[in-house]
Amino acid sequence: MVLEIFRKPKYVTVRPEKTETTQGNERRDIPEGLWVKCSRCNEILYTKELDKNFKVCHKCNFHFRLNAQERIHMTLDEGSFQERDNELITLNPLNFPDYQEKIQSAQKATELKEAVVTGEGTIGGNPVVIGVMDSHFIMGSMGSVVGEKIARAIERAIEKKLPVVLFSTSGGARMQEGILSLMQMAKTAAALAKLDEAGLLYVAVLTDPTTGGVTASFASLGDIIIAEPGALIGFTGPRVIEQTIRQKLPEGFQRAEFLRKHGMVDMIVNRPQLKDTLANILSLHGTN
């Protein structure tokens, strides 16, 4: 009997009962998308305040990536944009596996037909032909439709005697289209050569990231080349370069600040000042 007493559990199990939560202590779910963390400094940012600041972190000046619609809204005068060549669609000329599904998925996610939006509008009252790439669409890769839309935009600028502003953000040529994708480098460069012969202005704006075939073609051919702070700009990644040359690359290699220091970029402009900077450049070149 005595031994049984000592064998009994020395604890009591308490089962919590469900009680009605008082109104004051009720849990309130925070809506998704209300806050966002800065990728550079980890600051928690209020989305509405971030949008007011052109999607630039107020603490470390990190420039978040924009989609094409956001870029157009921030750059062009309100109500002035007229889109062109939106009817062009991408095919699968090489019958690359799952390419069509990838295109459809990107179209659904971005509400775009391709990785670039082109058209006409005004910046500070200055008429301009504009092209804006979107890295959210298959990483802004350049396929046949992207190259065609940019070439047509440049040709339209020549016809109407207007300056061209192209915003670049891309992972390079689109591998699913093979040589047809690489051909767009020559096509866009040739169109810009005609623009130059016509004596018209081309301003290239390089945003994060601008790499591969886009860097090796129209992105680097501007009469004036502007970059956003911290933008990654280059042909291939630093790891590949280090493995090839067997040397350690300098700090900040392929970033906008490094390229500005070494003469590859004319100026670095913070996003909130970018529209005014473009308007001043266009006015100085007599486009108004």
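The backbone N, Cα and C atoms fix where each Cβ goes, and this holds for glycine too.
Given the structure is predicted, the values throughout are model-derived calculations rather than measurements.
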Range annotated as zinc finger in Swiss-Prot, from 38-60, 222-244, 245-267: 38-60
Secondary structure content of the zinc finger (38-60), with strand meaning DSSP E or B: 6 helix, 4 strand, 13 coil
Cβ-centroid neighbourhood (8 Å) of the Zn(2+) site, C38, C41, C57, C60 excluded: S39, R40, N42, E43, L45, H58, K59, N61, F62
